[in-house]
Each structure stands twice: as C-alpha cells, then as structure tokens.
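Below you'll find the structure, written out as structure tokens, and then a few comments.
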Amino acid sequence: MAEEVLITPPGKISSHLTSSLLAVAFLTSFGSSMLYGYNLAVVNSPAGYIKDFYNRTVVSRNGTGLNGEALTLMYSLTVSVFAIGGLIGSLMVGILVTKFGRKGTLVNSTVLVFIAGSLMGFSRICGSPEMVIFGRFITGIHSGISLSVVPMYLGEIAPKNLRGFLGLMPSIFICIGVFSAQLLGLHELLGKEEHWPLFLSLVVVPTFVQLMLLPWFPESPRYLLIEKHNVHATITALKWYRAKCNIQAEIEEMQEEQRSLSTVETVSVWQLLLDPTVRWQVLSVVIINIGMQLSGIDAIWFYTNDIFENAGIPAPEIPYTTVGTGAIEIIAGLIGCFTIERLGRRPLIIGGFAVMGMCCAGITVSLILQVHVQFMKYVSVGCVVGIIAGFCIGPAGVPFLITAELFKQSHRPAAYTVGGSLNWMSNFTIGFIFPFLQMSAGSYCYLVFSSVCLAVAIYVFFVIPETKNKTFVEISQMFATKEAVVESQALSQPDQLKLKKMNGYGTLENVISLTLKQKCICFQSL
C-alpha cells in the first residue's frame with residue numbers, strides 16, 4: 001500500500017480535482033471571500049435609508065440636522081471605513097498565518113464577523129450611527145485578512161496543474177457576494193427601510209457555515225512541512241487532498257523549495273523590501289495591486305446606482321439594471337476560472353485591464369454625448385458592464401494568485417501583507433474621494449481610471465512571465481537575479497546537498513531524503 005501511494009509511473013506528475021479540494025475551496029470562498037464582495041455592494045441600495053437614519057439621529061441628539069455636504073461626508077466615511085479596516089487586517093496577515101497557520105487564521109478570524117454583524121444589526125434599535133460605522137470597520141478587518149489568506153491557503157494546497165482554477169475560485173465568490181447584495185437590495189426583498197439593518201448583518205450566515213465545517217479540513221501541507229517540520233501531518237494532509245498522487249515527489253519538491261531558501265523563517269515586510277533577489281516580484285505585486293483598485297472598479301461597485309442615474313436610466317429601473325450587471329460578473333468570473341489553466345495568467349490579466357481601460361474611456365465619451373444623442377445612455381451602461389466583466393475575468397483574482405506564485409514560502413506572508421495593504425489603501429482612496437472627484441471633474445474622472453488600466457496592462461505584458469503549471473521554485477528562478485544565481489552555485493558545491501531530476505522535480509540525494517522515504521512508508525503501513 002505504501003508503494004502505491006509513494007511511487008507512480010515515470011512521467012509528468014499531475015493531480016486530479018478531488019472532492020476535498022473542491023470542498024475546502026468552496027468553504028473558504030463562501031465563508032470569507034464572498035463577504036468582501038457583499039460588503040462592497042451592500043451599502044449601495046440602502047444608501048438613502050442610511051443617510052435618513054444618520055440625519056434623524058443627529059436631529060434627535062442636537063436638535064438640528066446635517067447639511068448636504070456633511071451628510072455626504074458621513075456616508076462616504078461609512079463606505080470607505082471598510083477599506084481602513086481592510087488595511088489593518090492586511091497588515092496582520094503575516095503575523096497571523098505564521099502563528100495560527102492558513103486554515104487556523106481563517107477559522108479564528110470568524111469572530112470578527114459575528115461582532116460586526118451584531119453591531120450593524122442592532123444599530124437602529126440603539127439609535128447609533130457609530131455602530132454602523134464601527135461594524136463596517138470590523139468587517140473590513142476580516143475582509144483584509146481573508147482576501148490574502150484564502151488565495152494563500154488554496155495556492156498552497158493545490159497541485160500546480162490546478163492552482164489557477166482553485167486560485168480564481170475566491171474571485172467568483174466575490175462576484176457572487178456583489179450579486180447577492182444587489183439582488184437582496186431589491187425593494188421586493190430587503191430593499192425596504194425597515195430591513196436595512198438586517199441587510200447589513202446577513203454576513204454572519206456564510207461565516208457560520210464556514211466555522212462549522214472548515215475546522216475538519218487539514219492545514220496547508222507546505223506550512224506543515226516547511227514551517228512546522230511535521231512530516232506525518234504533511235503526509236496526512238496530502239492524502240486528504242489528493243487522489244492518485246506521488247506524495248513523496250510532492251514532499252521532495254517542497255524540500256527543494258526549503259533547501260533553496262536562505263532561511264525557513266518568515267521574513268518581515270522590511271526584509272522583503274530590502275531583499276534584492278525579489279525586487280522585480282515585489283514591484284510586480286505593488287503595481288498589479290494598486291492598479292486593481294485604481295482601475296475604478298470599487299467606484300463602479302460603490303456608486304453603481306449614482307452612475308446609472310447620471311446616465312439617464314429611469315429611477316425605477318436602476319435596481320434591476322444593477323442586478324443584471326451582477327449576473328454578468330458571475331458569468332465573467334466563471335469564464336476566467338475555467339479558462340485560466342488553458343490560456344494562462346497573463347492573457348486574462350492583460351485582457352481584463354485592457355477591456356476596463358477602453359470601457360472607462362467609453363463612459364466618458366458616452367456621458368458627454370448623451371445630451372445630444374439619446375442612445376448614448378445605453379452605451380454608458382454597456383461600458384459599466386464591460387468594466388465589471390473585464391475585472392471579473394482576470395484582475396479580480398489573478399493578482400492574488402500571482403502573489404502566491406511569485407514568492408517562496410518564507411517570503412509569501414510578507415508579500416501578501418505588502419500587496420494587501422496597498423490594495424486596501426487604494427480602495428479607501430477611491431471610495432472616499434470618488435464622489436468629490438465626480439463632482440469636480442464630471443465625466444472626465446473616468447479617464448484617470450482608463451490610464452491606470454492601460455498602464456498596468458502594458459507593464460504585465462513586458463515584465464511578468466507566464467506562471468502556468470510551474471512549481472514555486474521554477475517561478476522564482478525565472479525572476480532570479482545575479483545574487484540568487486551566485487547563491488545557487490554556492491549550494492551546488494560537494495559539501496552541500498545535491499539535486500537530481502526525477503519526474504520533473506528536484507530530488508534530494510542525501511540522508512534526509514532517505515529518512516523521509518522511510519517515515520512515509522512506515523506511516524502508510526500504520
């Protein structure tokens with residue numbers, strides 16, 4: 001039996017999609033990633049009711065209401081404080097995943113959702129706008145953590161031939177979260193004034209499902225072996241997530257990555273930024289994460305109703321038009337998920353940003369001309385749909401997947417901290433200033449987003465290589481600098497570990513490898 005598990009016929013090693021892999025991808029995406037999309041769109045439909053609640057509360061406290069500018073400022077804070085929480089959460093990722101592991105972090109962070117849901121759900125009863133704002137802040141912290149940890153976890157448990165498919169699963173659920181908020185926000189469902197606190201607090205439902213089921217799944221095998229040095233737990237996790245697989249080869253590939261590290265300790269953000277061997281990877285993560293938010297997608301999600309109103313869509317039709325865009329998001333996300341292993345990462349992210357850039361420019365043109373040409377209002381709606389579809393097909397999920405792929409185990413948490421914090425800072429900037437930018441620049445504000453999208457597409461085209469179906473070590477070698485090559489040559493001396501190729505993986509020729517094989521066989525015999 002041990003030989004069946006450990007040894008497979010020579011050839012390319014690949015793994016099939018198992019029910020365990022699919023289940024854990026579904027659970028983490030449903031219970032964590034979906035909340036990010038839901039919270040992006042949930043404040044759009046009840047905006048008027050929330051503003052009325054704020055105004056009535058201020059009148060009851062002070063005797064006078066808020067003027068239009070103060071009310072806009074207070075609502076903008078409600079929208080954008082989610083991103084402030086997300087920034088704080090993203091800065092905690094490195095510490096949390098090192099201490100609790102990938103799965104452990106997701107399970108432990110669920111408490112934040114229950115606190116936030118309670119605050120927002122009881123805010124009207126308590127007559128406290130502060131509870132709404134603070135609840136949004138706490139949900140932001142949870143989303144900041146999960147937005148980085150979910151793709152990190154899925155990227156580490158997935159075999160290399162399925163890493164793209166599973167890595168884009170969270171982006172599909174982000175789109176489902178947006179669609180759910182748009183659908184539930186219809187007047188026929190929870191779009192009534194008396195229902196908005198319940199509408200905001202529904203985030204606790206998917207999190208409860210995740211909390212009940214996710215603890216039964218194993219931790220990331222790479223984390224267990226490289227950071228915890230627990231061979232038995234690693235074998236158990238790999239058996240759980242794989243069907244017919246060369247477990248020994250996977251462990252040896254992990255050990256090859258471990259051997260290539262100057263240290264197995266998790267590097268800090270400061271060490272990551274100062275490391276000359278990963279400067280291009282860091283720059284790439286910075287650009288794609290900033291570009292992801294400065295593309296204007298959050299402005300579209302936060303203020304979809306306002307954009308459609310400015311485009312001349314009749315007010316009664318706006319909620320249904322918004323729900324229609326949400327359905328297109330899901331379709332685009334599914335297209336990206338099921339084509340990424342065939343097309344690769346680069347075509348999806350380059351094509352997505354290029355489509356977004358052209359559609360942002362199209363919105364500007366259509367809004368300017370719709371005064372003279374009646375059908376232009378439908379062109380602007382089409383451009384909004386194009387921006388959302390372009391985003392969901394690639395830029396929504398590929399940046400997080402690439403962040404996992406460009407770095408080895410020791411650098412990955414710090415890379416997610418950098419990428420996540422920049423992502424959330426850009427998110428806050430757009431969410432807070434967009435209403436004022438729209439008031440001052442009018443239709444021309446979308447040209448800023450167009451320029452950003454096209455610039456990111458050009459950068460990815462010239463700098464970032466294709467990472468499809470490559471190991472983490474192979475990807476790292478594609479970015480290798482002169483210093484990394486020197487280090488690699490030093491390790492190849494006779495007194496160091498030697499490598500040979502077996503079935504496409506580096507295999508350690510030393511006592512450690514032999515001991516590992518013996519442990520694996522013994523463990524399988526139990």
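Glycine is treated like the rest: Cβ placed from N, Cα and C.
Automatic prediction, not curation, is the source of TrEMBL annotations.
Pulled from TrEMBL:
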type     : residues : note
TRANSMEM : 21-38    : transmembrane segment
DOMAIN   : 25-468   : domain 'Major facilitator superfamily (MFS) profile'
TRANSMEM : 73-98    : transmembrane segment
TRANSMEM : 105-125  : transmembrane segment
TRANSMEM : 131-153  : transmembrane segment
TRANSMEM : 165-184  : transmembrane segment
TRANSMEM : 196-217  : transmembrane segment
TRANSMEM : 282-303  : transmembrane segment
TRANSMEM : 323-341  : transmembrane segment
TRANSMEM : 348-369  : transmembrane segment
TRANSMEM : 375-402  : transmembrane segment
TRANSMEM : 414-437  : transmembrane segment
TRANSMEM : 443-464  : transmembrane segment
Stretch contact, the transmembrane segment (443-464) with the transmembrane segment (348-369), Cβ-Cβ under 8 Å, 3+ pairs: yes
Maximum Cβ pairs under 8 Å to the transmembrane segment (73-98) - stretch from the list 105-125, 131-153, 196-217: 131-153
Same-chain residue ranges lying at least 6 outside the transmembrane segment (105-125) that approach it to Cβ under 8 Å: 28, 31-32, 35, 53, 93, 96-97, 131-132, 134-139, 141-142, 145-146, 149-150, 153, 196-198, 200-204, 207, 210-211, 214-215
Two-stretch contact, the transmembrane segment (165-184) and the transmembrane segment (414-437), at least three Cβ pairs under 8 Å: no
Stretch in 21-38, 323-341, 348-369, 375-402, 414-437 most in contact with the transmembrane segment (131-153), if contact is a CB pair under 8 A: 21-38
Residues from the same chain, set at least six apart from the ends of the transmembrane segment (375-402), whose C-beta lies under 8 A from its own: 147-148, 151, 155, 163-164, 167-168, 170-172, 174-175, 284-285, 288-289, 291-292, 295-297, 300, 304, 307-308, 311-313, 321, 324-325, 328-333, 335-337, 340, 345, 347-356, 358-360, 362-363, 365-367, 369, 419, 423, 464, 467
Contacting positions for the transmembrane segment (323-341) when only residues 6+ beyond its ends and CB under 8 Å are counted: 41, 161-162, 164-165, 167-169, 171-172, 174-176, 178-179, 182-183, 186, 304, 348, 352, 384-385, 388-394, 396-398, 468-469
Average pLDDT across the domain 'Major facilitator superfamily (MFS) profile' (25-468), rounded to a whole number: 84
